[in-house]
Amino acid sequence: MIFAIEEINKSKFLLPNVSIGYRIYDNCASTLSSMRAVMALMNGDEWTLGKRCSGQSAVHAIIGESESSSTIVLSRTAGPFKIPVISHSATCECLSNRKEYPSFFRTIASDLYQSQALTQLVKHFGWTWVGAVNSDSDYGNYGMAIFLDAAQKEGVCVEYTEKFHRAEPEKLMKVVDVIRKSSARVIVGFLAHVEMNNLLEQLSLHNITGRQFIGVEAWITADSLVTPTSFRVLGGSLGFAVQKANISGLEDFLIKDFWETAFQCKDTNAAFCKENQDLIQFREYDEDVAELRYSNNIYKAIYAVAYSLHSILNCSESQGCDKAVEITPWQVVESLKQVNFTIKNGDQVGFDSTGSDVARYELVNWQQGSDGRVQFEPVGYYDASLPSGQDFVLKTEAIKWPGGSKELPVSVCSESCRPGTHKVLQKGKPVCCYDCIQCADGEISNTTDSNDCKKCPEEYWSNQNRDACVLKNVEFLSFTEVMGKILVFFTLFGALLTLIVAILFLINKDTPLVKANNSELSFLLLFSLTLCFLCSLTFIGRPSEWSCMLRHTAFGIAFVLCISCVLGKTIVVLVAFRATLPGSNVMKWFGPMQQRLSVLSFTLIQVFICVLWLTINPPFPYKNMEHYKERIILECALGSPVGFWAVLGYIGLLAVLCFVLAFLARKLPDNFNEAKFITFSMLIFCAVWIAFIPAYVSSPGKFTVAVEIFAILASSYGLLFCIFAPKCYIIVLKPEMNTRKHLMGKNTT
């Protein structure tokens, strides 16, 4: 302060021919002492030029206080008299209220900026679970309230918030106990210097270490906190500090003043200097001057008052100042609102609408040098005057964490939820405490710490990790898979056997056995069986519009043609027996022409049903995504279920009719009564298709198609073997039985 005033008084440009007077009071950290001093100043009880004077107060401004609580009392006392109070370190946001403190100014920023900067710092390192301790004072309570509000908006959770006053040791012990039991590894300490010192003593005493402290300007660079044991607790601490003093000439002034005051040593040859020769080597030592951080703010405050007086007195370099102008405190207040100047170190000084200076902080880190000394190492800065994104700069690589570690401390309530999971809040705990629950089938989360899972599009499914949607596998019975190959083999094998039987019958068409079994219907039956075998191929492969319509209609018509032929052969057996009776002419009513017409009529009915089905509501390819969530079943929808069951029901009706007639004719006299084999074949046919219905309904996916193909092949093989195997056996292995006499039962034993 004295340095700034002497510099101004010597200046030819600022307040020329005018000298500034001052009075310095030491309140000894007592608010009461501050009150006494300001009351004395306002009452005119002051010393001027060594003489006791009284009358109107000549005080135009008060520089102080250091602590916010004392400054509040000081400002409220001086406020009614409109005496400006300029503080160099009172940061409480409450002092920004111009209605309550209209004449208050400060050359330091409000805690509003520091609290927001603290939140940015905590958020930057991912510390979402922190503890908070503050002084039970205006400074601590207001500053912590701003921090807590900003932290909540940024998603930072506070495990505990504790406060204590320097005169409350029992509360201090409670704070220590809370810190010891807590899980948060990061502690934000919005504490005044005295409270921080008390807390540090207790933490050291109870050996509570390994915490990452985040400090404020009140204590983060306080040399008095540096003790032989304090680094175990505060080592690695981070915090925002007032920028270092960078005032040219201050070092020389302080060193000279110190030597002259302490040792009365103006000349190194003086007697007092010779008595302290061992200290002479430190006479030029000035490394600690730069750590006088608040000196810069005091320097600015003095110059702000000087510039306001310069304006009021209408000073100019050539004519000097108008000393006739009577200066009142309220004029100084108004003039301070307008001051805007640059001091010689380049810092621009001015007050915003709340009476505060621009927020500029230096981010410092408690580190230990190679010599074991604690150093407040700069690792970044915060400058509110810069654009967003450039206001906060951090050199992470230069930071040393607690214990000298280079690894970033972790302080979270719950670990981050990996992609594929989502957060579920724990009941009764803050939002930072959650469980990671895996996404359900068909849902994904592809970001860390997702709050919910997103449902995959209809044709997509979640992968195994639940962090990406992948196309569902399309399932259908293909020719390339094992099941498809097996079914194709039996299909072609059945068609080949049928062709071999047809060739065998064609070669032996003139033999009694072939003639006796109605060779025309037999060949037509073999042709229809070939179609029955081959129609199963339409069920294999990727369903398309034409294959869906073809598979069911081809199957229905081929089987009706087959059953119609069997039914015709059954009727022929019955009619043939009736025709052997005396006086019977039944055969003329069911001759070859009638047999052909009956087969054609039965088949045309099925053709008509199929045409109606295809016309009204035909089968179509359908992506079934309901049966299996993780894959798509590509199948043929029936279109009209009535059409499908009408086709199947008509086949069943003919089969039952054929079975009944064959059963009635099974005991007719003949060595080779075909009705027996027809009965057995129809029995197998009906059994297969009766078993098919529940299997078809309950089989999932491509197995539905496989069951249908199996039923087609089983019934086709049943008809082929039951009706034609005995005949082939006689033709190939027992040709001696292929005679008219044997067939008529006239052979003698």
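Even glycines carry a Cβ here, placed using N, Cα and C.
Curation plays no part in TrEMBL annotations; they are all automatic predictions.
According to TrEMBL, the protein carries these features:
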DOMAIN    483-747  domain 'G-protein coupled receptors family 3 profile'
TRANSMEM  486-507  transmembrane segment
TRANSMEM  519-541  transmembrane segment
TRANSMEM  553-577  transmembrane segment
TRANSMEM  597-616  transmembrane segment
TRANSMEM  644-665  transmembrane segment
TRANSMEM  677-697  transmembrane segment
TRANSMEM  709-732  transmembrane segment
Check the transmembrane segment (519-541) against the transmembrane segment (644-665) for contact, please; criterion is three or more CB pairs under 8 Å, pairs 6 or more apart in sequence. no
Tertiary contacts of the transmembrane segment (597-616), as residues 6+ beyond its ends and Cβ separation under 8 Å: 521, 524, 549, 552-553, 556-557, 560-561, 563-565, 567-568, 571, 639-640, 643-644, 646-647, 650-651, 654
To the transmembrane segment (553-577), which of 486-507, 644-665, 709-732 is linked by the most Cβ pairs under 8 Å? 644-665
